[in-house]
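S.K.: Before I ask anything, let me first share the structure, which is written out below as structure tokens.
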Amino acid sequence: MELSYYEILEVEKHSNQETIKKSYRKLALKYHPDRNAGDKEAEEKFKLINEAYGVLSDEKKRALYDRYGKKGLNQAGASQGDFSDFFEDLGSFFEDAFGFGARGSKRQKSSIAPDYLQTLELSFKEAVFGCKKTIKVQYQSVCESCDGTGAKDKALETCKQCNGQGQVFMRQGFMSFAQTCGACQGKGKIVKTPCQACKGKTYILKDEEIDAIIPEGIDDQNRMVLKNKGNEYEKGKRGDLYLEAQVKEDEHFKREGCDLFIKAPVFFTTIALGHTIKVPSLKGDELELKIPRNARDKQTFAFRNEGVKHPESSYRGSLIVELQVIYPKSLNKEQQELLEKLHASFGYEGEPHKSVLETCISKIKDWFK
């Protein structure tokens, strides 16, 4: 079944232009040929995304499409319409994202991605309190033997597929747009004989140790950036290194944002009588929790400003204690007798089920009279 233009752009039919453009840009980046070299499926999706956006970004064409579908567009001659605004927007977008425009105004770009992402493993303690950590990284550096050309003796030939433009023009339905040349990957030049040092990759890998300051309160999947510690995309110029935290869980504390949760096991007699217990604090001292009589299982109590500090502000969350009522697994003879006496001492109050269930039983019996 053919997808609608709305389904292709992953938006609702009532979506406004801002939502449509935002979704288009996200999908165009995801499936762009520069990021999916040799992937035919991604290439087809990229074509469909552009075709869909070419219609939905134009209110007149969108109205025709909503009423008559693709046939209505063709019959109305929409394929001959003015797409200058669309291409202008498309060109500026890809100029920023990939280094070239939609109409062939290309600037030379390195095959090395400036920025890269690395996982940073942290213990619960390191994440909560922050720390200084030495990180081992491996980054891409411009090959000195070929000056990043990937070619032996730096000898490059003009690409015959695109005549050195780095782009080829394609037509999809009533859409016409530029696409990165697959033969030269948008460079306009091709390698005849690969460089022996980098095997034609244009870069070599270098190891480095970096001292990073981990902020107090960083959370799992949070990212921090180390400027100028990424790949060397041009001689002497490096991108940024992004570190994504992977925080190990603690056996006692559970974390949700800046709030900490801890379960406090308490015996059932403590719930009946009320009691004061000690609760651990991140600050190293002990907090007193006064459990009121007849507290409930899973009831929570919050200590404000005893949680985790926000990594980018002075805000600090809460420590939330959840009661976990524990009952004895077995009773000895003396305990059994004591509990039976205690139960009997409550009289009718000790059997609250009777007032509810016996009334219900009587009601049901009346139904069958």
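Placement of Cβ uses the backbone N, Cα and C atoms for every residue, glycine included.
Below are the features listed in Swiss-Prot for this protein:
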DOMAIN    4-69  domain 'J'
ZN_FING   130-207  zinc finger
BINDING   Cys143, Cys146, Cys195, Cys198  Zn(2+) 1 binding site
REPEAT    143-150  repeat 'CXXCXGXG motif'
BINDING   Cys159, Cys162, Cys181, Cys184  Zn(2+) 2 binding site
REPEAT    159-166  repeat 'CXXCXGXG motif'
REPEAT    181-188  repeat 'CXXCXGXG motif'
REPEAT    195-202  repeat 'CXXCXGXG motif'
S.K.: Cα within 10 Å of Cys181 (Zn(2+) 2 binding site): which of the binding-site residues Cys143, Cys146, Cys195 qualify?
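M.R.: Close binding-site residues: none.
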S.K.: Output the single range from 159-166, 181-188, 195-202 maximising the number of Cβ pairs under 8 Å to the repeat 'CXXCXGXG motif' (143-150).
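M.R.: It is 195-202, which has the most Cβ pairs under 8 Å.
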S.K.: For the repeat 'CXXCXGXG motif' (143-150), what's the mean pLDDT in this predicted model?
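M.R.: The average pLDDT of the model in the repeat 'CXXCXGXG motif' (143-150) works out to 92.
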S.K.: When DSSP states are grouped into helix, strand and coil, how many residues of the repeat 'CXXCXGXG motif' (159-166) land in each?
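M.R.: In the repeat 'CXXCXGXG motif' (159-166), the DSSP-based counts are 0 helix, 0 strand, 8 coil.
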S.K.: By DSSP assignment, list the helix, strand and coil residue numbers for the zinc finger (130-207), in that order.
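M.R.: Split by secondary structure, the zinc finger (130-207) comes out as 3 helix, 37 strand, 38 coil.
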S.K.: Quick one: DSSP breakdown of the domain 'J' (4-69) into helix, strand and coil?
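M.R.: Reading the DSSP string over the domain 'J' (4-69) gives 50 helix, 0 strand, 16 coil.
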S.K.: If I take the alpha carbons of Cys143 (Zn(2+) 1 binding site) and Cys159 (Zn(2+) 2 binding site), what is the distance between them in whole Å?
M.R.: 22
